[in-house]
Amino acid sequence: MMSFTKGTKKKYKNTSYFSHDYIIANHGDIVSFIAMVIVIGLMFQVTAPVSKLFIMLQHNVTIRSNQASLQDTVNRVGTLYTAGYRDLLTCLFYTLIAIVIHAVVQEYIIDRLYKRLHFSKSQYGKVSEISQLLLFYLISFLWGSNIVYKERLLASISTLWTGYPHLYLSFWFKFYFICQICYWLHCFPELYFQRVSPSEMPERAQRYAINLLCIAGAYLLNLNRIAVVLLVLHYLAEIIFHCSRLLRLAGRRSEAWYGFALWDLVFVAVRLFSVALAGLTFALGLEKNSRDRISIREGNFNTKFIRLNCLAVVCLLQGYLMWNFITFHVRKARQFLETHTDVQQVVSHERCLTRSIGQDNKPSAARLSAVLEDRQSNSREPTAVKCTSGLNRCSELRQRRMVQ
């Protein structure tokens, strides 16, 4: 068996090419090699048609002479595309590209940021996840906002449902959805490549699956207009949230506090706007052109069953996010009240001790910091011990004073 000794920054002694350590340490190079083979296929006449299936967007539209409205759209945005089964090959290739970009960003941006800001080793996993998501959300928000502006989706609210089915997409509109699907697909192998702990894996996999299913479902049902608007709104709240988390990990607690306060407002507003837009689109707008049966050839899925299920998915998802938001703040409020109660107990006990021995009536800063550290570590036992010992000491001093 061949062994690996050189070629990477970390050297592993007697590590085979098929070991987990070698694959994880060099997964970016391995995946980039596979992608490079597909790209090189464009250079040869025999393999070029196959490579184009992976690299280029498929299902472009041929404009006929009787489709004057489509010709005007082509003159404005360029070539039009539709969704189809050959998009699976395109998604496969760009999933590989997403893995390569993830590895490059991790090595040349996040790792250097991690060393410059002097994060602890325990914070490395959080910093990596937050930074990757923040970069993705920021790019997706700017890209989606540009699509909303160029496609004039907010010129009138009725644009979200007028002319359904929205079969024909511009290049950047379709490529946006392809990249969204590929990003959430690549997150699943990254759970292995990033050595995510088994305790965190189910929660992350659930979040990735929800995003993937919602985006892919909207793309296949030709609900791309309402989907891109909802994504832009959702990503705006996520950008603020992850920026605040990163500031808190970097020690900028005052800036992080303002960021979380802004996120509280934006998060609730986004949830309300999302439910309102979904209700207008599925319950009122699309109902005007409702059909009894779906037509796969025409790409028309505007039936009552599909509309109600789409509206239910959006409302349930917004309700789920809102429930997590409320429970998070309730838990934080309880922790704050418990910490405040413990601090007040220690202050009263310290004052009792200082009165008995004739010192200044001031609590010990070391004792208060110990209480706060105990609360941060979610352990109440050390604080209880300190409070009990303070009461015992106070009673002993009182007894001595009475004897004297």
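Residue numbers in this text run from 1 along the chain shown.
Every residue gets a Cβ built from N, Cα and C, even glycine.
Note that TrEMBL annotation is computational and uncurated.
Features as listed in TrEMBL:
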type     : residues : note
TRANSMEM : 21-44    : transmembrane segment
TRANSMEM : 92-110   : transmembrane segment
DOMAIN   : 125-336  : domain 'TLC'
TRANSMEM : 130-149  : transmembrane segment
TRANSMEM : 169-188  : transmembrane segment
TRANSMEM : 209-237  : transmembrane segment
TRANSMEM : 257-284  : transmembrane segment
TRANSMEM : 305-326  : transmembrane segment
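The transmembrane segment (130-149) makes contact with the transmembrane segment (209-237): 3 or more of their CB pairs lie within 8 A, with pairs spaced 6 or more apart in sequence. Long-range neighbours of the transmembrane segment (169-188) within the same chain, counting only residues 6 or more positions beyond its ends whose Cβ lies under 8 Å from a Cβ of the stretch, are 57, 77-83, 87, 90-91, 94-95, 97-99, 102, 136, 140, 143-144, 146-147, 150-151, 204-205, 208, 211-212, 215-216, 219, 224, 227-228, 231.
With a threshold of 8 Å between CB atoms, the same-chain residues lying at least 6 positions outside the transmembrane segment (257-284) that come near it are 157, 160-161, 226, 229-230, 233-234, 236-237, 240-241, 243-244, 247, 307-308, 310-311, 314-315, 318, 321-322, 325, 329.
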